[in-house]
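Undergrad: As annotated in TrEMBL:
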TRANSMEM  6-24  transmembrane segment
TRANSMEM  31-50  transmembrane segment
TRANSMEM  62-87  transmembrane segment
TRANSMEM  99-121  transmembrane segment
TRANSMEM  133-159  transmembrane segment
TRANSMEM  171-189  transmembrane segment
TRANSMEM  195-213  transmembrane segment
TRANSMEM  225-244  transmembrane segment
TRANSMEM  250-269  transmembrane segment
COILED    275-302  coiled coil
DOMAIN    309-524  domain 'Histidine kinase'
Amino acid sequence: MSLFIFSALFNAFVAGLLGFVVILKNRKELINKLFFGLSISVVFWSLSYWKWLSSNNIDVALFWIRLLSVGSLFIPVFYTHWILSFLNLHNQKKNLIRVLYIIIFLIIPFSFSDLFIRGVVPKFIFPYWPNPGILYTFYLIFIYIGLTVYTMVILLRYYKKDSEKYKSIQYIILGSILGFGGGITNFFLWYDIPVFPYGNILVSFYPLMLVIASSKYHLFNIKIIATELLVFLIWATILFEFLIEESLKGQMVAGGLFVFMMVAGIWLIKSVIKEVRQREKIEKLAGELKAANEKLIELDKTKAGMYSFVSHQIKAPIGIIKGFAQLIYDGSYGAIPEKVKERVEDIKKSCDRLIKLVEDFLNLRKIEEGKMDYQFEEINIVDLAKSVFEELKLLAEQKKLEFTMECAEEKITVKADEQRLRQVILNLIENSIKYTPSGFVKVELGMENDSVLFSVSDSGIGIKKEVLSELFDQFKRAKEARAIQGTGLGLFVAREIVKAHNGEIWAESEGEGKGSGFYVKLKS
């Protein structure tokens, strides 16, 4: 008998503790209110169960058995309502919920009549065991068993199709099997089936599993609740020890320990709450960062696709325009006046600029996608630099610049992709010419220890010191340079090419209006 009394008190303690912890977290949430109602129903049923088994006369036992039946009426209804709310079916099933509550309130007045419980009689080891009335059998079949089966069917249906609540539903199903499976062992003796209510202690497991399931879905936090349960259990144990202790010394020790554990317990709960809140905040920020990164990746893909499409669509027509301009310039369509020839020359130059712009965008896309191809071979960098120098000499002469080149040796061999390295050298020299209104542009090539050092220095507009650190980034241009046509991609592409050659590239300047120098160092 003592085992069954203990199970009743244990169920009351666990359900009551969980109910108050959950409702104190958030009193406004419907799901918290329903859980509290469910927990109080279990507490009411369990305490009445304890009083019934502890009774020593037939009238008292009958009173408590009829009173516990009131609690047992509400348990499956609150449970069903909680499940429907958890699965976001509350509004969809609101008529069913209303009907269930109406049925329960209609049955309650009859719970103290013979229609519900006909009386109590001795059965096996129990001196006062109830005999069911016709309404009790209706409750057992249609309310207790019926709602249990109904909720299990709904849970299994959502278990298969709701991936977000998959784990949570697992816990609810497990808790339902344990709780209602344990609870149903109470009914066998009502119908003279010789099975004792050994599963009664399992009733406390299903509110516990609901809390765990809810925490998996972030409705309650299991770590906070577990800490509070542990602390409350320690307090209850020490308080019980204090109450049963007969000696003054023992009471003082237990009382002092209780005060200490009160302070320590409150500190522990606050610490856990703070830790959980910080972790939740970090998880939220991490989620937002992940979403932002995914969006940036998508934008990068869109940008790359746009660059590729636009570049390819523009490159072919520009080539055709330049070709026809060259034919007109050469007189293939007949002699043209000198003024027209000058305009055609302007068209050719504009086409060259556009072709270079398109090449920069295509190279940018290749770099971002990691698809930049390199064909490394032994080349004479002196010949390469001289050919670029000769190609740009006319441009420097048109601006009346002092354009010079010095090479320490006639032949300096490096392992490089000639076409890509030519692009770097061309970009650096051309930039110096573009950004030097008057004065000089000097190209130098030589050895520095075991490395090849290429440099272009000029007396141009110069670079502010604060701009130097970001000069080689995408679309970065000095404010003073924006009056001159350019994209801000050339130096970025040059840096990536030099990096692929395991080299270094940098810029130096004393400041605005004091000229600048660009340097490339490669392994010989």
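Note: Cβ is positioned from N, Cα and C throughout, glycine not excepted.
Because TrEMBL annotations are produced automatically, they should be read as predictions rather than curated entries.
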Undergrad: Most CB pairs under 8 Å with the transmembrane segment (62-87): which of 6-24, 31-50, 99-121, 195-213, 250-269?
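TA: The stretch with the most close Cβ contacts to the transmembrane segment (62-87) is 31-50.
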Undergrad: Look over the recorded stretches 6-24, 31-50, 133-159, 250-269 and say which has the most C-beta pairs under 8 A to the transmembrane segment (195-213).
TA: 6-24
Undergrad: I'd like to know the mean pLDDT over the coiled coil (275-302).
TA: 80
Undergrad: Between the transmembrane segment (99-121) and the transmembrane segment (31-50), are there three or more CB pairs that fall under 8 A, provided the residues in each pair are separated by 6 or more in sequence?
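TA: The answer is no, given that the two segments have fewer than 3 Cβ pairs within the 8 Å cut-off.
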